[in-house]
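First up is the structure itself, then whatever we jot down about it.
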Amino acid sequence: MAPRYAPSLRSRLAPLLLLLQIGFIVIYAVYIEVLTHLLSLYYLLSFAEFQDVNVMVILGFGFLGTFLVRYGYSATGFNLLVAVMATQWAVILNGIESWYYRGKIRADLRSLVVAEMCAASALISIGALLGKTNPVHLVLIALLEVSGFVLNQWLLQTLLKVPAANSIMLLHIFGAFFGLALTWILFRKGSLQPFEKEKFDRQAGLFSMLGSVFLWMFWPSFNSVLVDHRSPWRKLGAVCSTYLALAVSAVTAAAVSMLSSPKGKLNPVHMQSFILAGGVAVGVSMSAVHQPWEAMTIGFTAAVLSTIVSRYLKTHMLLAFECHDTSALLSTHGLPGLLGWLAHLLLQIKACDDPTVAVRFAVFHICSLLITISLSLSMGIITGLLLKWNFWRPPQDNKCFDDQAFWEVGNQNFVFLKTNVELNIILSLHRKDQIS
């Protein structure tokens, strides 16, 4: 039976999407021009990297959220919807400076890649609210967060002269704290007890693991895509460092997960999320990592930190701070991002011979973190207060984590099979019905 708020969502979601999309078409028609005169080799290289980032954003993040049994359609479908809306919006926002000076927003493969990375920040935040919002909420979150993230980039590059690639790679920290602020504002009293439909099973976990594998495979391209093609040695170093950090974090996450388990077994949630911790951490510190052992140490520390914190802190955050983090956002992106920021600071100071320059860099580096966290928390709180308005018709507690609220799934009955015995009983009863 469809939930009673589902019909009214039609009067909100469809007009919002059509209005936004028509507005984007008009803006693109008037102000966007595509650059076509660059070298073909550069385009070939950029297209391969664009495809890698695109696979991560659409397939990787989409399947990563399918660990909820009754929320598979929404996890993948809404991920695509949010990603494409956020990317279109990010292209416009990132081109405002070009429009101001030239009257046109110039678009190419690099601008699309940067826009998708901005969209990835929004997808990270949405993980904290997975299953507890409707698609209208998600679209508004994406638009507001991308706006805040682009503003954060501009502040860092203008006030602190942070390189563009470094400011963009702070997307993990920005997305994590934005999402935590959102889930704090939108906290439901029913979250203190497990939601009725917040359940997991083997099949859903397998699809989620598939998304994690996609992210793991293409993360080296994600970290190296913004490195200048005119410095191939730096790009190669970024790829190698990211792969080594990911490899070490995968091994370490498996070991720590088994050691921290009372039964001495691997936790599939740990393997799905925390094998990526090394890629997150080394991405934030990429410009300061020059040796393989540095990347491997960062990956090792990130995996240990993420796995332990997820095991022992998530419940305390729910009780103490009223933050129901569905996808373990803090452990997957927040803490590894902060670790990467710290590693960047220490490695840069270590490589600096002049104490004055080292102190200057430390001050600017700390200021960049403070600006990023302050702006992300502020934007998250503002967005959360906007979304608390009942006009957006948030789902009821008993309708959270359920595809049937938004998708035509017929009269499908979701059966939770916990043992092979239950499956055999159902099959035997079905055979008896056919015989009779």
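Any Cβ shown, glycine's included, is placed from N, Cα and C.
Record features, source TrEMBL:
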DOMAIN    21-388  domain 'Ammonium transporter AmtB-like'
TRANSMEM  12-33  transmembrane segment
TRANSMEM  53-73  transmembrane segment
TRANSMEM  80-100  transmembrane segment
TRANSMEM  112-131  transmembrane segment
TRANSMEM  138-156  transmembrane segment
TRANSMEM  168-187  transmembrane segment
TRANSMEM  203-222  transmembrane segment
TRANSMEM  242-259  transmembrane segment
TRANSMEM  271-289  transmembrane segment
TRANSMEM  295-314  transmembrane segment
TRANSMEM  361-387  transmembrane segment
Whether the transmembrane segment (168-187) meets the transmembrane segment (112-131): three or more C-beta pairs under 8 angstroms: yes
Contacting positions for the transmembrane segment (12-33) when only residues 6+ beyond its ends and CB under 8 Å are counted: 85, 88-89, 91-92, 95, 99, 103-107, 134-136, 139, 143, 391-393
Region pair the transmembrane segment (112-131) / the transmembrane segment (53-73), three or more CB pairs under 8 Å: yes
Contact call for the transmembrane segment (203-222) against the transmembrane segment (271-289), three or more Cβ pairs under 8 Å: yes
Stretch in 53-73, 138-156, 271-289 most in contact with the transmembrane segment (80-100), if contact is a CB pair under 8 A: 138-156
Leading stretch by Cβ pairs under 8 Å, where the reference is the transmembrane segment (242-259) and the options are 53-73, 138-156, 271-289, 295-314, 361-387: 295-314
PLDDT averaged over the residues of the domain 'Ammonium transporter AmtB-like' (21-388): 88
